[in-house]
């Protein structure tokens, strides 16, 4: 789907008109471009009707029966918010696809939100249009009449370089989210650690991103016992992916993404039905890969490093076992209490490696715990940090981008709950049924040293829920969060 500005409207252009109420129809700039005949028809059809934030109407015009006007309800103007903007933008795409309308002109009128100028508004709308347009059809048979598609959307506005740049940036971010979703949705039998590494290399070549992939022997030489332990039950070798972009500085921002390409649970195998979505357990890694590529495409003046430990967690005669003790790159040892708490084990090595860069900030993104979903539901990710200011910063980033993040505590007192008996730390909390997202964060905190750190547990928003107007499967959460950090962190 191509998105661009247009200063004129053709006689056959389909229109999208967003309204809080049908009473506002007469004054809308797109409505004014219609012929008197078409205006009378639309006013007659919509007279005395209410328009909710889920309501819409698609009307074909008497002057041209092939020309459609889509009216999109925005709900109560008094409670119009950034969140509602995201959803309304996505609904535009779904409405057009439902009627197989392949191109349309829309306007920014009525869509303004507090705290965003016109450029940011357009950027956000474009991101969400593209996110709603994504579908994963790689393994599905195409219907006889083809998949519904939108080839072109135009935003009605006078030409402006800043606005054009904002739209282009929105496209870059939206496409990065969708590329993350595409990687995350690929079945685990295909998306192995090797394939994930190849995807990172390929995407890096398209931009000025340096990509280095460490193989199993390199990982062993570095002493990454956590990553080696988790991967020991799989026929697929682990990979350790390092990406780097920007002017080299002494203290880069380092992104770390969990790259478990399939999680069976290992020896502590998951119950029936719980493993189906575990092809998406590398969503954090996919988010880091695509965020860094987008940052490069946007030519941001920032030094960022991406680290993705990639492995499969599988049961076999060579698997790591409950009770094993693994030595990490930092020298700290991990007592394995549960092999299904493997994400934090591979992240321990990745976070330890991140310290080598003396980073100004470490941000890890991981589908880490079901406990985060239990605590928060599926409308926000869980946010942790070793600094209060970063909790506030992270929440603002989440609210701004749509990768929502709700702060949870990781006080030093929680450290007592992950002390090991045979090792320095245990990979499961002492009270395993309680506060699992927090004890997982407390575990990770042991491997970041004194560096500023944010942990985003993206398990809650890994897949969409009803009413979010996104295709089933991965959401690509984390990509927008990381890009915004690169843009704004000081």
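Residue 1 is the first one shown; counting continues down the chain.
For all residues, glycine too, the Cβ spot is worked out from N, Cα and C.
When the candidates 263, 424, 457 are compared with the Mn(2+) 1 site entry in TrEMBL, which names 340, 342, the shared residue is 263. Per TrEMBL, the candidate among 277, 281, 324 that belongs to the Mn(2+) 2 site alongside 258, 263, 342 is 281.
Comparing residue 340 (Mn(2+) 1 binding site) with residue 263 (Mn(2+) 2 binding site), their Cα atoms are 8 Å apart once rounded.
Under DSSP, residue 263 (Mn(2+) 2 binding site) is assigned to a strand (E or B) in the three-state scheme. Break the domain 'Peptidase M17 leucyl aminopeptidase N-terminal' (22-142) down by DSSP state and the numbers are 56 helix, 20 strand, 45 coil.
Rounded to the nearest whole angstrom, the C-alpha distance between residue 342 (Mn(2+) 2 binding site) and residue 270 (active site) is 12. Comparing residue 263 (Mn(2+) 2 binding site) with residue 270 (active site), their Cα atoms are 9 Å apart once rounded. Proximity note: of the listed recorded positions (258, 270, 281), 258 have a CA within 10 Å of the CA of residue 344 (active site), given in sequence order. Listed in sequence order, 258, 260, 261, 262, 263, 343, 367 are the same-chain residues six or more apart from residue 281 (Mn(2+) 2 binding site) with CB atoms under 8 A from its CB. When each of the binding-site residues 263, 340, 342 is scored by how many other Cβ atoms sit within 10 Å of its Cβ, 340 comes out lowest.
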